[in-house]
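Asks: In case it helps, Swiss-Prot gives these features for our protein:
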type	residues	note
BINDING	Gly664, Pro665, Asn666, Ala667, Ser668, Gly669, Lys670, Ser671	ATP binding site
COMPBIAS	11-25	compositional bias 'Basic and acidic residues'
REGION	1-25	region 'Disordered'
REGION	857-883	region 'Disordered'
Amino acid sequence: MSDSVAPDVPVIREGKNPAQHRDRTTVDREALSPMMRHYVDLKDEYPQTILLYRMGDFYETFFEDACTIAQALELVLTSRQSGNEVGRVAMAGIPHHQLDRYSRLLVEKGFAVAICDQMEDPAQAQGLVKREVTRVITPGTLLEEGMLNARSNNFLAAFVLAGNHWGLAYADISTGEFLTTQFSERETLAQELLRLQPSEVLFPTDAPDIQQILRPGEQSDLLPEGLPNQFCYSLRSQTSFTQAEARQRIQEVYGVRSLEGLGCEHLPLAVRAAGGLLAYLEATQKDTHIPLQPLATYTLSQYLVLDHQSRRNLELTQTSRDGTFRGSLLWAIDRTRTAMGSRALRRWLLQPLLDLNDIQARQAAITELLPQTGFRKELQNQLQKIYDLERLAGRAGSGTANARDLVALAESLGQLTELSHKVAKCEAQYLQALQTVPPILDQLAQRLRAHLVESPPISLTEGGLIKPSVNPELDQMRQQIVSDQQWIANLEKDERERTGISTLKVGFNKAFGYFISISRAKADQAPDDYIRKQTLTNEERFITPELKEREARIFTAQTEQFQLEYDLFVTLRTEVGEQASLIRTVAAAVSAVDILVGLTEVAVYQGYCCPTMSDSREIQILDGRHPVVEQSLPPGFFVPNATELGSAPSAELTPHPDLVILTGPNASGKSCYLRQVGLIQLMAQIGSYVPAQSARLGICDRIFTRVGAVDDLATGQSTFMVEMNETANILNHASSKSLVLLDEIGRGTATFDGLAIAWSVAEHLAAVIQARTIFATHYHELNELASLVENVANYQVLVKELPDQIIFLHQVCPGGASRSYGIEAGRLAGLPPSVIKRAKQVMKQIEQHSKIAVGLRKGNTQPRARKSSAETEAKTQQFELPF
């Protein structure tokens, strides 16, 4: 791991005794104290981590790690004597009860954290306390609830490259999801990583035994070219990624002899990636068992393809402007009541369906729920009471769940039974999935409720976990403790009467245990059987043999009680862990129902319709609306618009073209309209109702958007070059089943160049690819394309012209705009009147004398016949440009 520190990290604050050593490599190890030598040896084993070393009530760090966390966490850097010949070494620590909090902060800053725990009671240790690293926490291996975002996955990914081919595996160890795939093209791998947004990415390198972590934004020659550097990359040696070792590890984890049943028998790169990921979990989780679901193999062709640019432009999970959740499509349609439902909805949005039957199955559930307002409310109330089953099961299976987790799990499993009763008569496939809850889960819930108290403490080692009457031995211990504590409670009264000292008190502290306190003034009245234990300024403290005997009995009984309660709890947790896979299977069904109930709520309150889906190329939307923008406006303010693309040509007044040239002034709503069409199509392909009066939609294989561009400073590319790269990607990957949404192609260069590029791109999309396309532009010269290519039509965003202003009507209708109203927009923005006047003069001259304008006025306007899709080579050469 790099030791570099961000510029905004505060300067280290130091304690009174400055450290003489801040680097472990500068000290004589033989001169170190035994404890410090053990620390240094462990640090050598985990050089790329922050080693948190348990010492009593603190986790301490030393040397360079102490300096690092003092800066990163804004802690005071202290020091510790570490041998007479060595002197003081740098030290910084955190309280043991705040381990999760500080570990999360370190992980968020890109550090890996090794947890070294005490493996025995220091009070009973012979010599140096036994300590071991019990877990390594990295960005991709989080289990603790406080470290995770409840509504998004925390993926650990691993990839393997072989020429132009790659294998990818990813897992969320908190939910158990584990998937793998294999494909070609480096750019496709980059796009898949950008879709997943993994917290950590593993990849093998040829460097022997390398273990290095690249924090987000760090550059390295070891990182393969073309991959985004915004992730945390963990470089691993090739050993665990070899075919033989990876295959063997997967077979051992799942107890299989062949990978055929997992779907990856003939995907060697996918197997290597999955095996390497499992090896990393073994290395970081130590003895912690991670209950992963069976490895699932998927292909990219199963889902509608959305590249990173399209996801960003459509603002699916965050806004492109400032990256916030509010204002995204997910914000607008997420009405889920469970954390796992919200995570699943995010996955649905990022992987829309291609299978018509799957889409219609989701629609059927919404259609069934739509008229049942009261029933939906009951389901939502029930769902609201269900905790995060996926992650609760994961913590139980890994042995990290506490008693509160199991109580939450018991309550949630109990709600499943209620849910199954409510959906008993439902007919939709997704609702029927919850009609039967495995009896073993109901039995497990009853067992948990019977054993655990309703509000248990967080600690598992201080008792208070198990209900009375569960275990006779435990009840007997508790009764003995109560009896002895009652004797001590009566002791104060009895001793006051026996000694005549009215101020006598019985007290307790951890250092001395129980004691009898008498003021200094009356200490000489203490009976002979009192044994002086401690002298303070205002009091004397005594003990008696019988008091110490009772104390020992209480201590022994409590120790045995706490251990027995812990053992009983661990048994319960193990039983839950054994059912983790089954619990997660049911959780997936709950998540789907949660999503569909939420989508129904949105459909009802926003007035959505059920789109008619087909395998055709038709996109016909009546009164479509932008699902996010309309929620940001007062009711009735959003102007709906129709869209017709991709159906067979006809002689109707409103043609159904493959490509629409959309013209209109700035701020008239063109970009909003483009996004609106894309979002409606995407929502339909996740099985949702859509914001329209009606819709007939053919399934798309890809949605491409190019709406706005900015300089790519990281690669030194200008706005125009970024635009051209994105456009090239669209032209190289779009098909006749794709939906392409383009805004202002060619605006980043000279007018002639820009118009030429825009014309040729539009022409290629319409004539060669025949993709369903909306092409928004300020080049109103492109309106001429509709007269040359039959499957192109002109549409415009209407404005109302007044003598001194223009009013945007936001209505899209047939016909091309002849003006862009740029000068009017400049006037509205506050340009000086003299500048506006001069601009009008120049515009008039350009319109009268421009070669482009003159050429277009003289050009051929006879429409050409639509060519067959097979004639791809010479199509564009047959068009005679009208200038």
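Counting starts with 1 at the first residue shown.
The backbone N, Cα and C atoms fix where each Cβ goes, glycine too.
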Asks: Which of the three DSSP-derived classes (helix, strand, coil) applies to Ser671 (ATP binding site)?
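Replies: The residue in question, Ser671 (ATP binding site), is helix (DSSP, three-state).
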Asks: Please identify which of Gly664, Pro665, Gly669 has the densest Cβ environment, defined as other Cβ atoms within 10 Å, among these binding-site residues.
Replies: Gly664
Asks: Which one of the binding-site residues (Asn666, Ser668, Ser671) has its C-beta surrounded by the most other C-beta atoms within 10 angstroms?
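Replies: By the 10 Å Cβ neighbour count, Ser668 comes out on top.
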Asks: Could you break down the residues of the compositional bias 'Basic and acidic residues' (11-25) into DSSP helix, strand and coil, giving a count for each?
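Replies: Counting residues per DSSP class in the compositional bias 'Basic and acidic residues' (11-25), I get 2 helix, 3 strand, 10 coil.
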Asks: In sequence order, which same-chain residues at least six apart have a C-beta under 8 angstroms from Lys670 (ATP binding site)?
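Replies: For Lys670 (ATP binding site), the qualifying residues are Leu662, Gly664, Asp743, Ala776, Val797.
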Asks: Beyond Gly664, Pro665, Asn666, Ala667, Ser668, Gly669, Lys670, Ser671, what residues of that chain have CB atoms within 8 A of the centre of the ATP site's CB atoms?
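Replies: Not counting the recorded site residues, we get Val797, Phe808.
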Asks: Using a Cβ-Cβ cut-off under 8 angstroms and a sequence gap of six or more, which residues of the chain neighbour Ala667 (ATP binding site)?
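Replies: Within the chain, Ala667 (ATP binding site) has Cβ neighbours under 8 Å at Phe808, Ala825.
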